[in-house]
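Chemist: Attaching a single structure in structure tokens format; questions to follow.
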């Protein structure tokens, strides 16, 4: 009936708007049961369970054999790691696999059969589960004694496939690789040419005493290439040139040329190319996200315009304000955006909304998140008004910074004076006394600021929350110190009591005081700009951190499989196993700097060179590119907008590119909607 159809249209609009908010694709089933399942799947509870499952299966590597969960990493001193009984971690894995099977089944059903075959990520998801389950069965059949477990190295995929932004980032990186490959190839040519020059310059001579450079670094082609590759990372600089430089200073020209061309030109050229290309591909990805948002909003408009109460004689499609209010009541979205949209609707004089009006309402989603600080309390007393003016003035904050600086200087003076003293010779009276004085000032400062600003306004500033929390912790520690050791007095060196000694308590207090000095950052505009840039990267670029976790995890598991049991304790020195046969120092040098002449260890170079290329060359440059983009964006905004003291602007990675994004046209949106595999529009 008409009522059932209207309920379906309302539910479809709710889901489409939620898809637009989260930048999700709308190409999924839209019947009543599927919509209920879709909202359940993307509910906070379901997504929390899925995230917990992914975290659990990744964390299994810390406790399953070979476990490295020990306090010290030194094989001579660490206790044997706990090895869980066979079946314990496997049972946890099976539970995780069951959750993933439900996850992939629901996803596959919701997108439909046609879309399933187009979705490579879903097919890879199923393949990963099949391989993992097969490997799990093999593991149990061998009673958990097998050396190679393929499913462990596949685990990061579950994290990767669960984030749309991570998948977009990976796609952008993949698209950037051809441009990066040209510079990497040029880098390889640079290495090859200088390797040949090195082998000619430092060839073996009749005088063995003069052949130290040849013996240690350029004995053959692999060693020569490795030595220069490590020099490119500056890890063996200046060691690699010392023998030749001792023989003849002119040899330094070779190493200077290699370093200048490789590090200053080619590596920075790689950064420039990555910044230029990756920014372009990331911009395309964000443009795609904007299209998804506009498409979701337009889809909601189209289904709402199909409601039975919509006027049939209207010249163009329209949506009633009442229907939209009904939808907004059920949509899960940010309270700020919902209130802003509802205010706009109440201020609207018309009963029907056209497509442009409907779309304009939801542009609120694209705006900066603005947080206004609560007002200060209004005092009637003239004396209290003066107090409020004095202690709410920025100069009072500057005075606090000066006092904090004086506290840091006094701690430095005491540390320098006591640096060479034995613990029995040290007198903690002076340090304890000045700490007591400064902590009392910090407490007074906090209370006066709360008096001037009011508690709500005081807590609305992150710098005040940081300052106040540390002040409370310092006060608690100081009271605990006095309760256990008494008040400071000359010769204050009581015996160890409680959990921490007096010196430990004093050191902890001083570390927190030093940490508290970071409060000066908001008062230094340029430093604050740098810090907010870094914080924005941490908050908004979780996708890049996620891919970094994937890379680290995969290489860590591969390293465990390749080098498990390589270093074993033997007296006061650690020896490599029979596979390698070198002392620990030689092994570390080999594995980290690739300079061992052992044949098998040369194969380890492939692992570490791949790690260096991905983590240092590619990923660090990507991070630098994004850091530059974020910083330039904030710098431009700082130059074009006056800072407002009572307003905080919070922007997402999508909003970083908002000024250069193109709005999709009406024709593009309608064409895409008509291609929807499960939605039949009336027009």
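Cβ atoms are placed via backbone N, Cα and C, with glycine included.
According to TrEMBL:
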DOMAIN    48-278  domain 'Ion transport'
DOMAIN    396-631  domain 'Ion transport'
TRANSMEM  45-63  transmembrane segment
TRANSMEM  84-102  transmembrane segment
TRANSMEM  122-145  transmembrane segment
TRANSMEM  180-203  transmembrane segment
TRANSMEM  250-275  transmembrane segment
TRANSMEM  395-417  transmembrane segment
TRANSMEM  429-448  transmembrane segment
TRANSMEM  469-488  transmembrane segment
TRANSMEM  508-531  transmembrane segment
TRANSMEM  543-563  transmembrane segment
TRANSMEM  575-595  transmembrane segment
TRANSMEM  607-628  transmembrane segment
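In terms of burial and nearby residues, how do these features look in this structure?
Modeler: On the 0 to 100 pLDDT scale, the domain 'Ion transport' (48-278) averages 86 in the predicted structure.
Only residues 6 or more beyond the boundaries of the transmembrane segment (45-63), in the same chain, are considered here, and those with a CB under 8 A from a CB of the stretch are 69, 82, 84, 89, 92-93, 95-96, 99-100, 103, 152, 155-156, 158-159, 162, 553, 556-557, 560.
Counting same-chain residues at least six beyond the ends of the transmembrane segment (84-102), those with a Cβ under 8 angstroms from any Cβ of the stretch are 49-50, 53, 56-57, 60, 63-65, 125, 129, 132-133, 136, 139-140, 143-144, 151, 158.
Remote same-chain partners of the transmembrane segment (180-203), defined as residues 6 or more beyond its termini with a Cβ less than 8 Å from a stretch Cβ, comprise 213-214, 217-218, 221, 224-225, 227-229, 232, 244, 251, 254, 258, 261-262, 266-267, 269-270, 273-274, 277, 613, 617-618.
Distant neighbours of the transmembrane segment (250-275): 176, 179-180, 182-184, 186-187, 190-191, 194, 197-198, 201, 213, 228, 231-232, 234, 237-238, 240-241, 244, 617-618, 621-622, 624-625, 628-629; these residues of the same chain sit at least 6 beyond its ends, with a Cβ under 8 Å from one of its Cβ atoms.
Within the same chain, residues 430-431, 434, 438, 441-442, 445, 448-449, 452, 510, 513-514, 516-517, 519-520, 523 sit at least 6 positions outside the transmembrane segment (395-417) and bring their C-beta atoms closer than 8 Å to a C-beta of that stretch.
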